[in-house]
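Chemist: My questions will all concern the structure given below.
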Amino acid sequence: MRIGIFDSGVGGITVLKEALNLLPGEDYIYYADTANVPYGTKDKNEVRQYIFKAVEFLINRGIEALVVACNTATSIAIKDLRETYQFPIVGMEPAVKPAVERSRNKKVLVLATPLTIREEKFRNLVSRVKAEDIVDSLGLPGLVEYAEGFVFDENIIIPYLKDRLSPFNLQEYGTLVLGCTHFLYFRDIFNKIIPDHIDIIDGNKGTVRHLKNLLLQSGFKTGSEGSGEIIFYSSGKKDERRLKKYLDILKEI
């Protein structure tokens with residue numbers, strides 16, 4: 001079957017990597033809305049228009065299921081997408097519940113885009129696990145821009161992260177949530193600057209497992225018809241070289 005994966009940019013390639021591991025026999029069309037990245041600092045009505053334009057593009061190329069591999073896009077539009085389209089749709093959300101469960105009676109720090117943090121969906125997510133008193137959040141829009149610009153130099157990234165994290169006493173935290181798919185490119189750098197006792201958690205594997213279960217529940221036979229083809233679009237234009245660059249980076253993480 002043909003699965004669409006959509007993100008504001010290249011962050012969702014980290015989700016594609018997990019999908020290739022768990023659902024290797026499917027065909028994938030990846031859409032990076034690089035003309036409009038980043039979403040996390042824009043007006044949500046503007047972003048909603050970008051999202052539906054991207055999804056229509058993928059529908060016109062025959063997708064049978066969709067992964068919204070962007071926490072910001074999920075928080076803004078996942079409900080509207082599911083009400084509009086009849087095929088299986090899976091979104092991303094910060095992995096707050098597993099982070100709370102693994103925090104060992106310490107606090108949880110959620111890293112995301114400013115728009116994700118501002119949305120009611122995020123507040124509801126924290127409220128559902130009754131964790132308002134132990135969950136803090138921090139927007140890191142610069143990290144999205146670094147990933148999009150293929151900037152992974154520790155001499156640039158580490159000072160940025162240390163500055164942004166400086167208001168927090170990290171000894172108080174047990175888990176760090178990467179609540180934006182772009183942030184996974186920097187997992188190794190996070191590990192170098194946070195205390196050893198802190199676990200880093202993301203929602204990628206859980207999202208792909210949910211996709212597989214949803215496909216089976218919907219009657220799809222996963223791996224039965226696809227050839228493992230991957231097509232990558234940057235705002236409507238094929239860009240296979242860009243895909244390869246980021247997949248190569250992920251092999252090293």
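Yeah, the Cβs are placed from backbone N, Cα and C, and that goes for glycine too.
Annotation comment: Swiss-Prot describes Asp7, Ser8, Tyr39, Gly40, Asn71, Thr72, Thr181, His182 as substrate binding site, evidence class sequence analysis. Residues or ranges marked as active site, proton donor/acceptor in Swiss-Prot: Cys70, Cys180.
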Chemist: Quick one: pull the CA-CA distance for Asp7 (substrate binding site) versus Cys70 (active site, proton donor/acceptor), whole Å only.
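Modeler: A Cα-Cα distance of 5 Å.
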Chemist: Might you list, by sequence position, any residue in that chain lying six or more from Cys180 (active site, proton donor/acceptor) with a Cβ less than 8 Å away from its Cβ?
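Modeler: Within the chain, Cys180 (active site, proton donor/acceptor) has Cβ neighbours under 8 Å at Gly11, Gly40, Cys70, Asn71, Thr72, Leu111, Ala112, Thr113, Thr116, Leu140, Leu143, Val144.
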Chemist: Long-range neighbours only, meaning 6 or more apart in sequence with Cβ under 8 Å: which ones does Tyr39 (substrate binding site) have?
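Modeler: Looking at Cβ-Cβ distances below 8 Å from Tyr39 (substrate binding site), excluding near sequence neighbours, one finds Ser8, Asp33, Val47, Tyr50, Cys70, Thr72, Ala73, Ile76, Thr113, Leu115.
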Chemist: Including all protein chains displayed, how many Cβ atoms other than that of Gly40 (substrate binding site) lie within 10 Å of its Cβ?
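Modeler: Around Gly40 (substrate binding site), other Cβ atoms within 10 Å: 26.
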Chemist: Considering each pair of residues in Asp7, Ser8, Tyr39, Gly40, Asn71, Thr72, Thr181, His182, all listed as binding substrate, report the largest CA to CA distance in Å, no decimals.
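Modeler: Among the residues the record ties to substrate, max Cα distance equals 12 Å.
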Chemist: Say we define neighbours as other CB atoms within 10 Å of the CB. Which of the binding-site residues Ser8, Asn71, Thr72, Thr181 has the fewest?
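Modeler: Comparing Cβ neighbours within 10 Å for the binding-site residues Ser8, Asn71, Thr72, Thr181, Thr181 has the fewest.
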Chemist: So if I measure Cβ to Cβ from His182 (substrate binding site) and keep only same-chain residues at least 6 apart in sequence, which ones fall under 8 Å?
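Modeler: Expected: Gly9, Val10, Gly11, Thr14, Leu143, Val144, Ala147, Glu148.
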Chemist: Ten-angstrom check, please: count other Cβ atoms within 10 Å of the Cβ of Asp7 (substrate binding site), all chains counted.
Modeler: 30
